[in-house]
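*Asks:* Let me begin by handing over the structure; questions about it come next.
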Amino acid sequence: MAYPYMNGSLHAGHCFTLSKVEYAVGFERMNGKRALFPLGFHCTGMPIRASADKIAREIEKFGPDFSNLPTEEEEQQEASKRIADNNNNAKNNDPTKFKAQKSKVVAKKGKGKYQFQIMNQIGIPIGEIKKFADPTYWLYYFPQLCQNDVISFGARVDWRRSMITTDVNPYYDSFIRWQITRLRECGKIKFGERYTIFSEKDGQACLDHDRQSGEGLGPQEYTGIKIKILELFNQDAKDLFNQHSLDLNQKNVYLVAATLRPETMYGQTCCFVSPKINYGVFDAGNNNYYITTIRAFKNMCYQKLTPQRGNYKPIFTISGQSLIGSKITAPLAINKQLYILPMETILEKKGTGIVTCVPTDSPDDYINMKDLKNKPEYYNIKKEWASPELIPLINTPKYGDKCAEYLCNFFKIQSPKDSVQLQKAKELAYKEGFFNGTMIIGKYAGEKVEFVKAKVKNDIVESGEGFVYYEPEGVVMSRSGDECIVSKEDQWFIDYGESEWKSQALECLHSMNTFAPETQNAFEGVLDWLKNWAVTRTYGLGTRLPWDEQYLIESLSDSTIYQAFYTICHLLHSDYYGSTPGLLNIKAEDMSFEVWDYIFTRRESIESNIPLDKLKILRREFEYFYPLDSSISGKDLIPNHLTFFIYTHVALFKNKKFWPAGIRANGHLLLNNEKMSKSTGNFFTLKDLVEKFGADATRICLADAGDGIEDANFVEQNANSAILRLFNLKEWCQEVVSNIDSLRSGPIGEEFFDVAFDNEMNSLIEETYKKYEITEYKSALKSGLFDYQSARDYYREVAAPKGLHKDLVLKYIETQILLITPVAPHIAEFIWKEVLLKEGSVHDAKFPRADKPIDNSISDSLNYLRDLSRSIREAETSSLRAKKGKILVDKNKGCEVTLLISNNFPEWQDKYVEIVRELFEEQSLNDNKKIKEKIPGKEMKKAMPFISLLKQRLIKEEPSHVFNRKLSFNEAEVIKKCIDIVERSPAIIKVEKVEVISFNTGENKGINIFTNEEVPFKYSGKVVESTVPGQPGIIIKNI
């Protein structure tokens, strides 16, 4: 699994991923394989350093014991005072309004506002927290905590191979320096300017692992459109401009709009601002001034679009309301004289807060212009401002050349507040216009829109009427609490997406086992869009960039092939930190790049202080365990860590046999069907789970939570049920084994239910083996524990009159324990040693396989009897229910049960079975029109219910079973052998007589299967019509 980050205790989500590795390792070891499960501790990156710095600041502010923390009431009072001061109304503030009622530390406990509170909530005493102001202390505290928790879970981890990352471990540090150097030498790492998510506060790129929120979000490209103000309308605006000597006749003042659709700029009819936003007016240099949000200009000033990097202080601010009515001119617009108009739905957190208006193309713009035109008095504008000529731009096959108007009419959109319908219309308009639209105006008239977009953007940029502008795709918060921007940075980056490298990555992906098609599809999607990735940072923990040590290697780039390091690290060092040499007594300084080449890439010529025989041992250890059979991680790591894992392996390991063999991605873990959250209390750490439910019950519940890439669900009630199930299993095994000699013995084969139970155990053993093999642990748990116990319970019930067979009971106990060993090793070990008195550990035992071929006819016979018993009980319930005021059967009187066995299916059904088979193979069984074409009108009433039944069975059963119209067993013979089951099936009535009649469909006579006498067939109605082979009719009546 991906090594966990050491900034806290492992939570239930970690535990869920851990469990998948656990089950796989346990199963493979029981199959005689040397299954390696190492677990390292990830410490690279910003989170630890950022948290340590927060604690240091909090110590300065509140003292080493944090006793100077203000209470919540005091903070509220201080906040109110600040607001009052800002409003020059401090004298009206009531200083007696708030009163402290709690101790200063306790008042905030549970809220997690401060870092020291978060530490306290995870169990670290207040007096110890000051030690965490040193980031190195985290590296010595949490790894041991992690190991203790994982051991309590019963994990089969080889702790000799554990290590921490960062340069604290000199061996791992050397390994990362080798890896990154070799990537650079093969042309995968490059240097240059690129747009990246950036934290101004941290002074560096903010990559996925550095983020508090916004993982996976990247820079979004816009075209910044410079819309020139020609004349101000509002007197307040004129006064502000005059006050700051901003003369429109001498200086160029532009509203900057950010658009994703530069090709539509020909059709502009106005420019929208929000009356609710205060915009900044900024000096953009060269006598140019920009009006935009402060947030947007902050992005621009880090993209070399402004005079001074990092200076985003406005000359003054102006409300959007004051700009309404101003006369403007816009690039490419056919309408040369436009106005600024209000739009209340503009978001300050997206784009520049300035929006172009193209009402023939944008449903939002169309409905807003229509609303403004219809209600000018409401918006306090002149009607002519909102009445320009609409300019058709793009012709689309579906919606014509005014697609916005078409879609607004189609969806019956009446107001800008119809947000749901507007969103649908906008998506359809953009999709149809971009992929199928043709320009009908401008320089590129007649060309397809998808090819024109880039050309128009380039024209706007080259003419100086706009520029390329980036901002984050959504809100990204760094772990230091900074809202990130996009910055144009000179930096080292990994050239993911390079065509040849990408082809190799795809080859690797298609050769590996991804366990689910959704996982492979997700990887293909990421490989399609993933491009350059910043490889360095200046803040945090980690390994220094070998050729430029002012930089650190970022945390996702140093965690791509650490699985190779696992194979040999126990030979290099004997502790997490590399402070004590390992079995081969090799010094870290002797681990040169050439030595790593020798171990991992079969370099032959080498000069080293390390003896050759030791180098050969290291190489042999690596090549024995590699390739990695399965990397198991959460699905959220597919867009970064897991894709980088593929890329780096194919770049550094030229021998394809060392490329990864498998990646298993699992979904997130819900808790009681809700997202885990500390703030709501719906949260468990690994330690919490084990302390509350025990290791084995936790493991069973995690296995039962779900498989695949969809989110799983840990249900506490299921964990509690698992505790009871395991306890009952232990008690039953102890009781039975202590009285084993009292059970029936002799050859197995004389009694039907002995044979059937033995056969069912073999069948479930094989099914469980297959499910473990394909890592479907929920299904393995079902067949190997739940169904296996159900089989035992049924055997106990049906075999009760003659007693259980000793050999079968012992086989059940032993195989049951072995089947659950990968999932529940502790109870398995106890029963194996203490109850069965076996030598050695259960973990060294072989996973069970069927000890004889599975007889499907016996399986079918057993299922038939189970279904028959259930059907008899249902018929009993029905017969005891009053109908039309009359009770058909008196439960106080003796009863006769008659079973009707049909020897053949009705001929009319055979025809429709073939019709269903034909349509099923054509994959058109859901086409009712085709079905009805094949059914004569007079048979419709009879045929359609039958076809519907077959369709339902095809959903639940194998097609071969549904279409097989022959039983694998003799129905009459099975009933003869097990007639006592029929007699014991009813729960209430007393059965005094059982009669079983076999008959051919349509005949008026039958055969009594016990006497072989021919008897009149006097039955009719629904009970006969529904009787077919394998589904006997049941009649209950008083004698």
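Using the three backbone atoms N, Cα and C, a Cβ is placed for every residue, glycine included.
These came from TrEMBL, pasted as-is:
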- 4-58: domain 'Aminoacyl-tRNA synthetase class Ia' (DOMAIN)
- 64-102: region 'Disordered' (REGION)
- 138-713: domain 'Aminoacyl-tRNA synthetase class Ia' (DOMAIN)
- 758-876: domain 'Methionyl/Valyl/Leucyl/Isoleucyl-tRNA synthetase anticodon-binding' (DOMAIN)
- 902-957: domain 'Leucine--tRNA ligase RagD-binding' (DOMAIN)
*Asks:* Summarise the domain 'Leucine--tRNA ligase RagD-binding' (902-957) by DSSP state, stating how many residues are helix, strand and coil.
*Replies:* 41 helix, 1 strand, 14 coil
*Asks:* By DSSP, what is the split of the domain 'Methionyl/Valyl/Leucyl/Isoleucyl-tRNA synthetase anticodon-binding' (758-876) into helix, strand and coil residues?
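*Replies:* Output for the domain 'Methionyl/Valyl/Leucyl/Isoleucyl-tRNA synthetase anticodon-binding' (758-876) reads 88 helix, 1 strand, 30 coil.
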*Asks:* Which whole number is the mean pLDDT over the domain 'Aminoacyl-tRNA synthetase class Ia' (138-713)?
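*Replies:* Its mean pLDDT is 94.
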*Asks:* For the domain 'Aminoacyl-tRNA synthetase class Ia' (4-58), what are the DSSP-based totals of helix, strand and coil residues?
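*Replies:* Grouping H, G, I as helix and E, B as strand yields 32 helix, 5 strand, 18 coil.
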